[in-house]
């Protein structure tokens with residue numbers, strides 16, 4: 001029982017074989033897949049896709065890399081979509097995301113583009129607080145600024161997706177009620193810093209993900225490798241080996257962690 005807490009299953013890379021990918025993932029023991037939106041144009045897409053298979057879940061938000069293409073009114077569309085899902089009591093909506101800050105891409109890390117990123121991020125944090133929803137955070141070269149806003153607008157936790165920060169930053173997220181997401185990067189032996197954090201923090205603070213079709217694991221050697229949720233068990237096995245626990249224990253603990261930070265995913269008894 002494994003949950004992929006971050007997978008862009010609606011991406012065009014899956015257009016030719018999406019159903020087969022889902023079937024293989026479920027057959028491999030992946031019981032849940034969270035599909036985050038990235039822009040206004042795929043808010044409905046991720047919702048519909050999540051409802052097409054058992055174990056499908058979704059998040060709604062505008063990704064920082066897409067902010068430059070967005071209009072201010074798009075934030076109202078995100079909020080409207082959240083309101084509709086909550087009114088329908090749609091348990092497959094589990095978070096607001098993917099939101100955050102990206103200070104890696106040169107064209108958007110400074111000046112008015114950076115200001116705009118922070119505006120969209122803060123507005124979506126306010127939605128998370130208003131509707132009591134956790135957030136799925138994109139954190140790239142932006143940890144400290146992102147944390148600053150989180151301290152000012154306190155949300156009910158969530159996941160720092162594809163975590164790649166320092167030990168101090170890891171602790172800061174955990175102290176704010178977040179889990180850290182680890183995926184394909186930990187399969188590379190050269191990823192010393194990430195491996196050190198993934199093995200050094202308490203297992204209660206870890207969830208697993210693929211970020212498919214991105215962040216392919218080390219064993220995918222093609223020229224343009226496509227990651228897939230079906231690889232989550234192998235990624236999880238690497239993390240289990242690094243931590244010296246069984247895959248079964250890692251699966252159980254990370255699933256419970258996911259239910260804790262994304263409580264709408266927890267099965268209703």
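Using N, Cα and C of the backbone, Cβ positions are placed for all residues, glycine too.
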Same divalent metal cation 1 site per TrEMBL - residue from 79, 88, 98, 123 joining 6, 8, 211: 98
Spatial neighbours of residue 8 (divalent metal cation 1 binding site) that are distant in sequence (at least 6 apart) but have CB under 8 A: 35, 36, 38, 211, 212, 213, 214
Environment of 6, 8, 98, 211, the listed divalent metal cation 1 site - residues of the same chain whose CB lies within 8 A of the CB centroid: 7, 36, 136, 161, 162, 209, 212, 214
Fewest other Cβ within 10 angstroms of its own Cβ, chosen from the binding-site residues 98, 211: 211
